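**Student:** Below is the structure I would like to discuss, written out as structure tokens.
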Amino acid sequence: TTSRAVSPPSPPTTSRAVSPPSPPTTSRAVSPPSPPTTSRAVSPPSPPTTSRAVSPPSPPTTSRAVSPPSPPTTSRDGQYLNELFQSGALTCLICIGSVKRTQPVWSCGGCFSLFHLPCVQKWARDSVFLVSSVTDEDFGQSSCRGPGTDPKCRAEYPPSATPNRYMCYCGKVQDPPSDPWLVPHSCGSVCEKRLKPDCGHACLLLCHPGPCPPCPKMVSVSCLCGKAKPLPRRCSNKPWSCQQVCRRLLPCKQHSCSQLCHSECEPCPRVSEQSCVCGRERRERPCAEPRWNCSQLCVIDRCVGGPPLGNHTCEEVCHSAPCPPCPRAVNRTCPCGKTSKRSSAGCAEDVLPCGDTCERPLTCGKHTCSRRCHRGNCDTCRQEVEKECRCGKYRKLMACHKEYLCDSKCSKMRSCHRHQCRRKCCPGECPPCDLSCGRTLGCRNHKCPSVCHQGSCYPCPEMVEVTCSCGKTVLSVPCGRERSTRPPRCKQPCRRPAECHHPALQPHRCHPGPCPPCALPCERPLQGCEHRCPRPCHDRVLVQAQQEQLAGPWVQPSKPAFEKKALPCAPLFVAVCLEVSPVPCHRRGRFSCGRPCGRPLSCTNHTCRRECHLVAPVRAVRAGLLQAPPPGCPHPCSSPCHAGPCPPCAQRLRQRCHCKISSLYVSCIELASADDKTKTRLGSCNNQCPKELSCGHRCRLLCHPGPCESKCVHKVKLRCPCRRIKKEVQCHLSPQSQLQCDDACRDQQRKVSQVNLDPSVVCCCSM
């Protein structure tokens, strides 16, 4: 919200008050006629509010009021809360279940958390029972009057504040209906709660969860010391300082306040000589503590009725009030109270017993003391009366001051429905079970410390710390989740010692589990040469362990499948032969690498295929090593290896003709040196093509490659519609050539139609 302060005509002053951001809530602000403001209430938990007032210097000064930042709009808050209820993210901290928008809830007035109403009621009953101690001595007394606490913020509530009804947030409507257009559990009316701190104004937002926002009204207030002129300020942020010296007289009535403008002056910090309350001693003490007591006794005579006798003196330490009177300065009676004596008698004179029967009521409340008037307490009542035991089963004659309890034990079940009462002489109203629950909690680490109860136990309240490997980073999780929680990520370097011969591993961060394998070079001196091992460190290498023979698949192996071992350094290989070949450094010398020699032979066409050998003249290969054939010829040269081109190939190739019916034999050299037209002629069997055209006739061309021609040259006959005229044409021209009837065809059709219509004409076959 942005608010402007209207400065008076006096010298301009600026006072900037930065209020804390108000927490979000789903409510709409009904703005008063005062300057426009937008307020917002934030759903729980609400952050602690802090206010800061920056006061200007003395006049001439400038005053600027900065109002609190505006919270998000109501629609955004309502959408947020609706999504919170729909997704089930709002959790009851007692049963750890989701809070639905249709379930009765209760909102804490301290932390504004939402709980299920039945869960809070059960929590309150259990809390009160844990505070109270119900035993045989206080049985029947209403001892359950302890305060209840909130499960989250531990705010104490009296027993009368235990929730027993489902109310809306503002507390006006009982059982508010569920409205999709309102915030869940809201009645939709104006909140009207008294704002805190109490300024006399009420909250103008609609019924909302969480705390009410600061008061948005503008009031005219003076500074803290009251010297400056009043300025318009927010009601929720009224205090401001004019930065002038206070100069008010302090409570010591000797010095004035030297601090800047403030509300209440602090005690005087100076020191002065002051006397004690009784006036016997004087000391230098802080000016803010003018009253002090010395350590001497008063010892003033308190006896009355003549000159001081000194029988009873004041035994209080240094005090200013009058000494209390002598304890024997009032009218006194005999021990039984029947004979009285006036106070005119001296305080040293005792009142003797009157000799009559005491008759003071005894502790039983039924009989009186039968002794003569005596000093001190009366004896216990020893009269024998018939008493009934507490459970009402037996009666017995016994002394009045004794309580009669029989030895029968109650067999009823207590409130936990797990243990019997087993209380001697129980009157029927068995006390709640006072045994410990002792069931294992969900964390599997602790047992329930509550008194024996029905239903499931509360979650474990303990918190467990999950640390990283080095212990520098700590994560607090609820007890029981440490087994499924991963250790926190730590940015500290790993401090574990190296398992190999190196003094330290490569620098890496703290991590769970074993360290990665060492990637530094081994650098150990090799045996037999001056080199060092260049391989990565192999002191702890994971290798497959040698498994022992098992009796069957049901027998578990006693050793793991893999184990870490230190491998010996491998020998260093160097290049010795003509080509690069690995040879241990300590075996350096001429040797055969086992690969083909590869040197060119005298024929200049091939290379030596012998195993690596000493350099010596090599004869030409007579067979098996042939020169590459000419292009297009697949046959190798049958002559011994020679220099220059090979003679023409004399072999014949067998291949299918174009129509795939006949087999042809063609000279290899003729086919390799022929052009495309000659290859087509050599691949034809010179017979008619056996393929059929699309019209159904056979192709008339000779054996040829590729598809046949689409034009069929076969002769077909065409007739006119009356089939009198006929004509022969080529097959591919038949769709375009159509014969029409001429005049002769029409005359013949006319004659036939006349004959069919004349009834005198009779067919010969009908005669």
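Any Cβ shown, glycine's included, is placed from N, Cα and C.
Pulled these features from TrEMBL for this protein:
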type	residues	note
DOMAIN	199-217	domain 'NF-X1-type'
DOMAIN	252-270	domain 'NF-X1-type'
DOMAIN	310-328	domain 'NF-X1-type'
DOMAIN	364-383	domain 'NF-X1-type'
DOMAIN	416-435	domain 'NF-X1-type'
DOMAIN	443-462	domain 'NF-X1-type'
DOMAIN	500-520	domain 'NF-X1-type'
DOMAIN	603-621	domain 'NF-X1-type'
DOMAIN	633-651	domain 'NF-X1-type'
DOMAIN	695-722	domain 'NF-X1-type'
REGION	1-79	region 'Disordered'
**Student:** Give the nonlocal contacts of the domain 'NF-X1-type' (695-722) in its own chain as ranges (CB under 8 Å, at least six residues past its ends).
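**Tutor:** Same-chain contacts beyond the ends: 657-659, 661-662, 680, 683-689, 728-732, 734, 737-742, 745, 748-749.
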**Student:** Mind tallying the domain 'NF-X1-type' (695-722) by DSSP state, helix then strand then coil?
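**Tutor:** The composition, in the requested order, is 0 helix, 7 strand, 21 coil.
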**Student:** For the domain 'NF-X1-type' (199-217), DSSP counts of helix, strand and coil?
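**Tutor:** So the counts come to 0 helix, 3 strand, 16 coil.
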**Student:** So which residues does the domain 'NF-X1-type' (364-383) touch in its own chain, when a touch means Cβ under 8 Å and the partner is 6 or more beyond its ends?
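**Tutor:** For the domain 'NF-X1-type' (364-383), the nonlocal Cβ contacts are 334-336, 338, 353-358, 399-401.
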